[in-house]
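Student: TrEMBL feature annotations, pasted as is:
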- 33-42: compositional bias 'Low complexity' (COMPBIAS)
- 51-125: domain 'GHMP kinase C-terminal' (DOMAIN)
- 21-42: region 'Disordered' (REGION)
Amino acid sequence: YESTVVVPNMASAFAAAAAATNSTDDSTDDSTDNSTDKAAASASNVIEVTKQHRRLGELAHESQRHSDNLLGNIVSETRWLPLRAEERGAIAASAFGAGFGGSVWALVKSEDADEFKHAWANDYSQKHPQSAARATFFTMRPGPGARQIERY
């Protein structure tokens, strides 16, 4: 999946699940049972990724809500952008970074990323014209999550 303004460590688990869904088995076994097993496994992967999409969206939404209600340092732009991303069909979206500003990420399917980015930026320009001149919207692929680096 490609994402629009995404925090790589939050998306790495999702990206791994999506990659597993898109993987193929190169074996040459032509048996009906094998193709039935492959179809069942593929359907199971799709269901699991869908569950992960929903859960990631719930967690991001909850994180945004907590930032807004408990920290009290969310500005109107970073309050509105994740909600608009969800309305536009993003899998998940949330603000991050410094309080009283910062950034917002939204996770979308690769094939939808460019159209989503342009529509989201246009929506933002209409809703917050003064801030839009300083805003940058871009797409990137999720990177690997945080991991320990071995010391030598």
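A Cβ is built for glycine as well, from the same backbone N, Cα and C atoms used for every other residue.
A TrEMBL annotation is a machine prediction, not a hand-curated record.
On a predicted model such as this, the values are computed, not experimentally measured, just so you know.
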Student: For the domain 'GHMP kinase C-terminal' (51-125), what are the DSSP-based totals of helix, strand and coil residues?
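Tutor: Taking the domain 'GHMP kinase C-terminal' (51-125) as a whole: 49 helix, 10 strand, 16 coil.
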Student: On the 0 to 100 scale, where does the mean pLDDT of the domain 'GHMP kinase C-terminal' (51-125) fall?
Tutor: 89
